[in-house]
Amino acid sequence: MPQISRQEYAGLFGPTTGDKIRLGDTNLFIEIEKDLRGYGEESVYGGGKSLRDGMGANNHLTRDNGVLDLVITNVTIVDARLGVIKADVGIRDGKIAGIGKSGNPGVMDGVTPGMVVGVSTDAISGEHLILTAAGIDSHIHLISPQQAYHALSNGVATFFGGGIGPTDGTNGTTVTPGPWNIRQMLRSVEGLPVNVGILGKGNSYGRGPLLEQAIAGVVGYKVHEDWGATANALRHSLRMADEMDIQVSVHTDSLNECGYVEDTIDAFEGRTIHTFHTEGAGGGHAPDIIRVASQPNVLPSSTNPTLPYGVNSQAELFDMIMVCHNLNPNVPADVSFAESRVRPETIAAENVLHDMGVISMFSSDSQAMGRVGENWLRVMQTANAMKASRGKLPEDAPGNDNFRVLRYVAKITINPAIAQGVSHVIGSVEVGKMADLVLWDPRFFGAKPKMVIKGGMINWAAMGDPNASLPTPQPVFYRPMFGAMGKTMQDTCVTFVSQAALDDGVKEKAGLDRQVIAVKNCRTISKHDLVRNDQTPNIEVDPETFAVKVDGVHATCEPIDTAAMNQRYFFG
């Protein structure tokens, strides 16, 4: 058989098994673990390439015969479940139809079943690109609809959160309260090119207000200290969530007025709960809310302002708190409230706990102490900072950082999908799931996606001057594509609701045109179901110094003064 050098092969078809890829300007390197294509039978689009009539493209099978709608060729997949692999990815009916070898089985060996390329198939050349699942942000304050565009520009295509616009309640809490508001927001998000699931208000001792919100269409309850995060509110929202099979998210009581962290853990009664702000700078029992990350029933996340921990983190957080929670810098009690939440010791520990797989998810806390367009960026910056601070993880092979990278990718893809009950639809690159995918140039991985595929259609991309003679001339901006236009946006985006709402006919009653899918399996999961982030060590916090110990070992790191993929990548 004819042979070519590894370097020449990489130039033609991209890297293969054993090749390594540097991610951006970080010190993180991934290595391809396996290649699902056949050497010498690669599917390649272009002039003089193999995907031509009668060659790699079948010229007699129709779409009714199962031909793909779209194929991404020779791409490097980075997925928390699959690992780091090389493959073609086939898309059909807006879903992932196959991962393996695409082409024409009439003339090619080893074509994966369901991955026939034909006249009905378009192609994206993935030879020198990385493919991930689209990001999921589980902590969205629905303050402004423009958040969706900024999130897509950093590879996030699903929102879970609440609000009704720039009210003070929405600025401070992630809540869409009551059936009328819920209905209007379900109708409003029809115009956004992202998936959306809405959180209702869980601060209720009464059954009626909780039940009516579940039937109206929420995917979960948010219990927030600004509305009173009492033990009774937690117990009753969790009990109703058990009945409805929806999630409960909590921002606990910073002032410890309603009890301490031990009382909140007792109020959980062993039930599954998603804890926002697990570190506490964004809110929660001062100074030791971080202890909840040790509980097997707690699905812990934290938000991106403190990730990675930098020399300016403490200073900017104070002003964030004052604005978001309607506080007055001239009132000493308000100042004390804000200062109680900002603790460099626990912020440092938060970064370490992410690296250890103890805190399982990243989110933004959009416009309410977090940046909606920086989730992937902060994920990779934190991974890089932790490698510099803590060295290689014991799970990583000597020559690559695959495990660490996959641990961090899981925090923004599959784990929030599991936590919110949508992992049967999105969250990973797996056959049968919705084709919500992001393509990255490795030089910009985590910072700037090349394009976002939403439900099988490109709906967001870096695009040059529309009046130019090519797609590439400057100025290159992120722009909406055809997948984000007209009725196609409705076909390719999902509104998630409770099963009770779906059974009650929320789609018809609210006049929704988008896909409407019920969340499920929210109440039967535990932290041990979270991918690569399932650790439950003992966590202690010194009440005087705020030092955090994990299984008796001090968990800390120094703040960084330089971040990867920062000023080199962005103007300003």
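Residue 1 is the first one shown; counting continues down the chain.
Using N, Cα and C of the backbone, Cβ positions are placed for all residues, glycine too.
As annotated by Swiss-Prot, domain 'Urease' applies to 134-572, with the evidence given as sequence analysis. As a whole-number mean, the pLDDT of the domain 'Urease' (134-572) in this prediction is 96.
Per Swiss-Prot, Ni(2+) 1 binding site is recorded for His139, His141, Lys222, Asp365, and the stated evidence type is sequence analysis. Of all Cβ atoms in the protein chains displayed, 26 besides its own lie within 10 Å of the Cβ of His141 (Ni(2+) 1 binding site).
Per Swiss-Prot, substrate binding site is recorded for His224. Counting only same-chain residues at least 6 apart in sequence, those with a Cβ under 8 Å from the Cβ of His224 (substrate binding site) are Gly172, Thr173, Thr174, Val175, Asn203, Val250, His251.
What Swiss-Prot records for His325 is active site, proton donor. For His325 (active site, proton donor), the count of additional Cβ atoms within 10 Å of its Cβ stands at 21 [all protein chains shown].
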Euclidean distance between Cα atoms of His325 (active site, proton donor) and His139 (Ni(2+) 1 binding site), Å: 16
Ni(2+) 1 site shell beyond His139, His141, Lys222, Asp365, criterion: Cβ within 8 Å of Cβ centroid: Ile140, Gly161, Gly162, Thr173, Thr174, Ser249, His251, Phe276, Thr303, Ser363, Ser364, Ser366, Ala368, Gly370
Other C-beta atoms that fall within 10 angstroms of the C-beta of His139 (Ni(2+) 1 binding site): 33
Cα-Cα distance linking His325 (active site, proton donor) and Asp365 (Ni(2+) 1 binding site), given in Å to the nearest integer: 13
DSSP-derived class (H/G/I helix, E/B strand, else coil) of His325 (active site, proton donor): coil
Rounded Cα-Cα span from His325 (active site, proton donor) to Lys222 (Ni(2+) 1 binding site), Å: 16
Fewest-neighbour residue among binding-site residues, criterion Cβ within 10 Å, set Lys222, Asp365: Asp365
